[in-house]
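Enquirer: I'd like to ask you about the structure that follows.
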């Protein structure tokens, strides 16, 4: 038996979740100490984190009230824009949610004709299990719970980010270290809230469902898979809708503002500037939050489903059953200690320390987590147990499972660092792309695409190695816990990730409030580091999506009672080739949406520049609201078709072509989706940072490429604009496509197994 008793497990998991929530509230409190109201008071003694000192314009020697008021005003405009967009989006998504919940209920209830009698279990015909109707009801409930949690995590993240952006700008007046701490703390609020909420809600759901299911764990954890489906389906709409919103505004603002009118990035004269800053919050923060929450929920669900039909579930060993949740609990504690390294143990004094500090976060959390996993594996697992492996039980030792989780954890770190190497302007790949701008935009595009394709190589090997190792040790369960290993440091990963858009917004606010050049330099430095960390976050999301999707695929194959998936049968092969096409179809939809929305935006921005007199002189205020409305309308309208493509494909394929073809589609979309996602994200990130590299002019080489407005710089801006939909719409949404199709197939597997394959049954 495991060292940790059942009672201890029941206590440890919720306690860790509550600690996570408490810690995030504490960080929120610390951020809120930066005041957005100008107040005159005697400078009190400043302690280390600088709460005591009031806002002094040290360089200029003035405490400009107007600047503070202006910042507060811009912040509330951004916050209102983001809130109203999310509310509009959630109304549409809410309708979809209810419709899909009814679908789940009807499909799963019809498996046994809505009968309320107990049925023989799927995996053990001797025992009686709860009826399919119960699975239908509880799957629907957990779907709704997952959806609500996902929406909540996105919304809270956005609220915190819009709360912190102006505060970061004001802190930048005291120095780069203070601004960094404010941005990072607010990122941490989101990271910990999300990790803790995800864990807590899942844990509560399991315990509530247990009241009905009792000893039927197989049915219980099958119903829990709806939680992952709910989380990811909301994430899809959040990611696609938010991505279209942010990029329509960004592309529109860049093309007219920078290229045609030669005004700086976040200039208040640009009508699309508020929409652009709102976009950072709804796309990169709300979308990213929902996305990683979805990965996290699905990895847990996949692990729990496989465990419920292994010795853990058969012997009703609750502690071992909760191994995935215990890893996540340990992750919260580890990330808590890691966060203190950035905010309290060391202080950042210079610009060049920002990126190393963020990278240290990843390394520290990974090293500490390795120890944490060892402890959890030692106390929670019996020394030897069996894992379900396609019809047979495979004997596994506890140290083997420890290695599975570690492989995932370290693969995540490797993917993160490779992504950083290819997207940070400190290394040669991005500098080569910047250099290619000498000969115009065409060479820039060629170099950027080549960089993206090349950056796929190492991450794919890392994923391949972790799949091989974890599958060899513990079959499908091994892959599921490897994915959880990659996501175990999610709180730190998200903190680093949310830090990017917050500092991006802070820079925008500084520019719009007309702050001095030196402050803008500081926020730019924060933002450049944030760009790279956002790419690292996307790398994590894609890597974990690949593992999660494979684990869900395994659970689906087990559940649908397919013993082997044979590539040589025509049924499966047509699935493979169509599945591999889906990511292209999906990317085409999302990119075209960004393009057409950006077109409307460009026309509107041009119209305002041409018809409102005095905009360029700064005498008249541009009409920001119209631009915000264009982005909102476009993204709501355009997010429906890509979403429908992903949500309907498994249903149509499973119902008409059956489970073999569906397993082909899942494998195909996984294999091609991962490649496109990594290359799209990294190409976009590299173009963006090549442009920033030229703008910053930090080295001799960068200065030779020109100041802003030179020919190479214009070529770089064009590359950046092409890269926008790649890195913020298509790329990040693809990892949701991969996971969502797999988890949806798993939830509907009982239906497909009994009623699926209509076309082949007719012929």
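The backbone N, Cα and C atoms fix where each Cβ goes, and this holds for glycine too.
Copying in the features that TrEMBL gives for the protein in this structure:
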- 12-31: transmembrane segment (TRANSMEM)
- 92-111: transmembrane segment (TRANSMEM)
- 131-158: transmembrane segment (TRANSMEM)
- 179-206: transmembrane segment (TRANSMEM)
- 321-342: transmembrane segment (TRANSMEM)
- 362-381: transmembrane segment (TRANSMEM)
- 401-422: transmembrane segment (TRANSMEM)
- 456-484: transmembrane segment (TRANSMEM)
- 540-562: transmembrane segment (TRANSMEM)
- 568-586: transmembrane segment (TRANSMEM)
Enquirer: Would you kindly list the residues that approach the transmembrane segment (92-111) from elsewhere in its chain, counting only those six or more residues past its ends and only Cβ-Cβ distances under 8 Å?
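Expert: For the transmembrane segment (92-111), the far contacts come to 132-133, 135-137, 139-140, 143-144, 147, 151, 226, 229-230, 233-234, 237-238, 636, 640, 643, 647, 651, 747-748, 750-751, 754-755.
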Enquirer: Quick check for me: are there 3+ Cβ pairs below 8 Å between the transmembrane segment (321-342) and the transmembrane segment (568-586), leaving out pairs under 6 residues apart?
Expert: no
Enquirer: With Cβ-Cβ distances below 8 Å as the criterion, list the same-chain residues six or more beyond the ends of the transmembrane segment (131-158) that contact it, or say none.
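Expert: For the transmembrane segment (131-158), the list is 82-83, 86, 90, 93, 97, 100-102, 104-109, 111-112, 114-119, 190, 193-194, 197-198, 201, 205, 209, 212-213, 219-220, 222-235, 238, 281-282, 285-290, 293-294, 297, 498, 747, 750.
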Enquirer: When you scan the chain for residues with a C-beta under 8 Å from the transmembrane segment (12-31), skipping those not six or more beyond its ends, what do you find?
Expert: 4, 49, 51, 160, 163-164, 167, 182, 185-186, 188-193, 195-197, 199-200, 203, 322, 325-326, 329-330, 332-333, 336, 339, 343, 491
Enquirer: Are there residues at least six beyond either end of the transmembrane segment (456-484) with Cβ under 8 Å to its Cβ atoms? List them, or say none.
Expert: 295, 299-300, 302-303, 306-307, 310, 323-324, 327-328, 387-390, 394, 396, 400-401, 403-405, 407-408, 411, 414-415, 418-419, 539, 542-544, 546-548, 550-551, 554-555, 558, 674-675, 678-679, 682
